[in-house]
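TrEMBL lists 1-18 with the feature signal peptide. The annotation domain 'Peptidase A1' is assigned in TrEMBL to 83-387. Feature annotation from TrEMBL assigns active site to ASP101, ASP284. Among the features that TrEMBL reports, disulfide bond is placed at CYS318-CYS351.
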Amino acid sequence: MIWITPVLASYLFSLVAGLELTIDPNYVADAGKSVQRAQSKYARYYDAPLHGNVYGADDIRINTVQKQNGAIPLNESGYDLEYYGTVSVGTPSQKLKLNFDTGSSDLWFACIKCLSCGTTRTKYNPYASISYTHTLGSWTITYGDGSTAGGHVGYDTVNLGGFNIKRQTLQLASYRSQVFEDCPTDGILGLGFNSIATIPHVVSPMENLIRQQLINQPIFSVYYGKASEGGGGELLFGDYNPKHIAGNLTTIPIDKSEGFWGVNVESISTGNETFGKNLTAIVDTGTTLLILPDDIAQTVAKKYNATDNGNGTFKITCDKSKLEPLVFTIANTKFMVPPDSLIYVEQDKSCTAGFAYAGMPFTIIGGAFIKNHYIIFNVQVPHIQMAPSKRC
């Protein structure tokens, strides 16, 4: 059971999806902003209970396709903070840098009518595409922090890793709040379920890949590389990559009735100490940190001698040899967050923890966890399969 209602859309950050990553040397990591963005995404939806069906899959076999299609090369803004890939839209194609986010289902980006979008981001020009279809529809998003975006709706061809999606619904931003200018991307591509899309009954890019029979299997899979290990990463549509998997895949039921990839965390522990049991959680590639319920975050911080920064983040030792792994038990399987991922970033000889709190009664399984595991998302028989990722 997940104590939230549908979020209208996602904010920043992304899932990895491609080949080699390059790091932006000018980017400054800000863990506090990561917490604020998680709050803006979910803060309005804490109180309504989710009563949904839990989907599972026993001994599901996924056949690997020999030819690797659907991969999107990425850049990374630094510190494993934000990953973004280039997506081609229109005919002839216009290249846009997008975040990939399992916490939303909208595909939106700035268009040339957006006067508030600044001059440093690429703006899609619908009038330059012969495959674009205009509609009279409009859309708007208001986030929990008060930031907004909105504009009109159209259709065009979208190319994802070599797969051409015809008549994909586009949400073209003719305005957006200044906060979006802090992000090095042009927009967001959501990988959540259709029910949390801003536009009712819209078909997401992932769903269109299935409907248009562009992929062999109704899955996408995620591998995060770590900047400390040279980067790298991969998102595959319609396939998974065994070379990134260390050990056996565990099949995990999900609750999708609110549109999210919801899972039950049986416990969070380290050593012989358990911090919480039967926790509701969302697997969210659009959140950088591991966001814990406030009381659990404080208990975990005490265990690691971390001190509260007052903005949802914690100051933690920079010496990973002094830290034990944080263990998540999911579907009777233990998944480790190793010490190097408990240290999110080091700046000026001070380190910020990879875990945080945001006033939420549920857990957000973000990048600090995901970059240590390989995850396969199945959208038709809703479940995920997860294993430790193979490190370089």
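Cβ coordinates are placed from backbone N, Cα and C, and glycine is handled just like the others.
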I need the most crowded of these disulfide-bonded residues: CYS318, CYS351. Count other C-beta atoms within 10 angstroms of each C-beta and give me the top one.
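Highest number of other Cβ atoms within 10 Å: CYS351.
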Taking Cα atoms as reference points, which of the recorded positions ASP284, CYS318, CYS351 is nearest to ASP101 (active site)?
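Smallest Cα separation from ASP101 (active site) among ASP284, CYS318, CYS351: ASP284.
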Rounded to a whole number, how many Å is the Cα of ASP284 (active site) away from the Cα of CYS351 (disulfide bond)?
23
So which of the active-site residues is most packed in, judged by how many other Cβ atoms lie within 10 Å of its Cβ, out of ASP101, ASP284?
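Checking each of ASP101, ASP284, the winner is ASP284.
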